[in-house]
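Participant: Dropping a structure here in structure tokens format, bear with me for questions.
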Amino acid sequence: MKKIGVITNREKDKGLKYTNQLVESIEKHGGQAVLPTYDGSFQMDDIDNQVVEICNNCDMVICLGGDGTFLRTARTAYLYGLPMLGINLGSLGFLTDVEKGEIDKAVENILNNRFCLEDRIMLTSKLYKDGKLIARDVAINDIVISRGGIPRILHLSTYIDNNLVEMFPGDGIVVATPTGSTAYSLSAGGPIVEPTSGLILITPICPHILSSRALITSDMRKIKICVSQGFEHKATVTVDGQKNLEITGGDYLEIEKANSTVKIIRVNSKNFFTVLRSKIYERKEE
């Protein structure tokens with residue numbers, strides 16, 4: 001019997017209509033639903049502890065919410081090597097494969113082993129101040145170095161395998177995985193790449209230079225981004241749009257492919273280009 005962990009963004013499923021539907025489908029098709037304890041209140045930060053609570057007692061995780069909920073869940077679930085499926089209760093839903101009306105069919109497919117797994121690369125980031133490592137993290141979508149709310153140009157020297165590529169003046173840089181190519185990197189003018197590609201994207205944000213363009217490199221490369229010594233203000237490093245750190249002149253980031261991957265369950269026959277067309281090119285705002 002497959003044990004399926006269930007994580008819900010209760011802000012998007014306040015009456016638990018879709019959560020209850022999911023649990024009923026799991027039990028109907030011969031599985032066992034594993035749910036975290038609930039104390040009557042909910043904040044997005046609660047998801048981290050909920051994932052830890054259920055991951056030791058399940059074979060996979062299904063989360064209900066938007067892409068933000070999926071990222072929040074996956075950033076912990078990957079530590080347990082568990083595959084994940086997302087049910088879209090948000091607006092765009094690039095990472096959440098299943099729509100609300102497809103829940104029962106998706107569960108039936110999973111419990112009858114009619115699904116495939118996609119291994120998506122992640123990035124590790126290490127932040128150095130005065131030459132000392134002070135923080136490290138992993139990203140599924142992207143790592144963003146930005147000027148934040150400071151109205152000053154941020155000068156970022158970017159290296160690949162210790163070779164200087166460019167000194168980017170502007171609002172910052174997005175370093176993205178293929179999975180993250182349809183997120184902030186896309187909005188900043190970066191290319192769209194297939195999510196299972198072995199690539200890393202580097203996209204300047206509002207660069208104050210005519211020749212500056214996004215670039216793509218192999219995921220075997222190591223990237224270093226240095227803040228110019230003369231920058232006296234506080235800029236920001238943001239990981240997957242969820243974790244923030246301060247960075248200032250002389251600080252630098254080292255970024256490379258992580259040793260682990262995120263395992264994403266796919267139950268739909270829609271290929272990436274079909275999803276891309278429906279989510280981006282033909283999108284209708286609600």
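All residue numbers here begin at 1 and follow the chain in the order shown.
Cβ from N, Cα, C; glycine included.
Reproduced below are the annotations present in Swiss-Prot:
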- Asp67: active site, proton acceptor (ACT_SITE)
- Asp67, Gly68, Arg72, Asn141, Asp142, Arg152, Asp171, Thr182, Ala183, Tyr184, Ser185, Leu186, Ser187, Gln242: NAD(+) binding site (BINDING)
Participant: For the C-alpha pair, I'd like the distance in angstrom between Ser187 (NAD(+) binding site) and the residue listed as 'active site, proton acceptor', rounded off.
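Facilitator: If we compare the Cα positions of Ser187 (NAD(+) binding site) and the residue listed as 'active site, proton acceptor', the gap is 16 Å.
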Participant: What's the longest C-alpha separation between any two of Asp67, Gly68, Arg72, Asn141, Asp142, Arg152, Asp171, Thr182, Ala183, Tyr184, Ser185, Leu186, Ser187, Gln242, the listed NAD(+)-binding residues, in angstrom?
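Facilitator: Spelled out: the longest distance between any two Cα atoms in Asp67, Gly68, Arg72, Asn141, Asp142, Arg152, Asp171, Thr182, Ala183, Tyr184, Ser185, Leu186, Ser187, Gln242 is 31 Å.
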Participant: Just to confirm: which same-chain residues, 6+ apart in sequence, have a Cβ under 8 Å from the Cβ of Asp142 (NAD(+) binding site)?
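Facilitator: For Asp142 (NAD(+) binding site), the qualifying residues are Leu123, Val174, Val175, Ala176, Thr177, Gly180, Ala183, Tyr184, Ser185, Val239, Asp240, Gly241.
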Participant: With Cβ-Cβ distance below 8 Å and at least 6 positions apart along the chain, what are the contacts of Asp67 (active site, proton acceptor)? List them in sequence order.
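Facilitator: Listed in sequence order: Gly86, Gly90, Leu92, Gly93, Phe94, Leu95, Thr96, Ala183.
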Participant: Where's the emptiest Cβ shell within 10 Å among the binding-site residues Arg72, Ala183, Ser185, Ser187?
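Facilitator: It is Ser187 that, of the binding-site residues Arg72, Ala183, Ser185, Ser187, has the fewest other Cβ atoms within 10 Å.
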Participant: Would you count the other CB atoms within 10 A of the CB of Asp171 (NAD(+) binding site), including those on all shown protein chains?
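Facilitator: Result for Asp171 (NAD(+) binding site): 22 other Cβ atoms within 10 Å.
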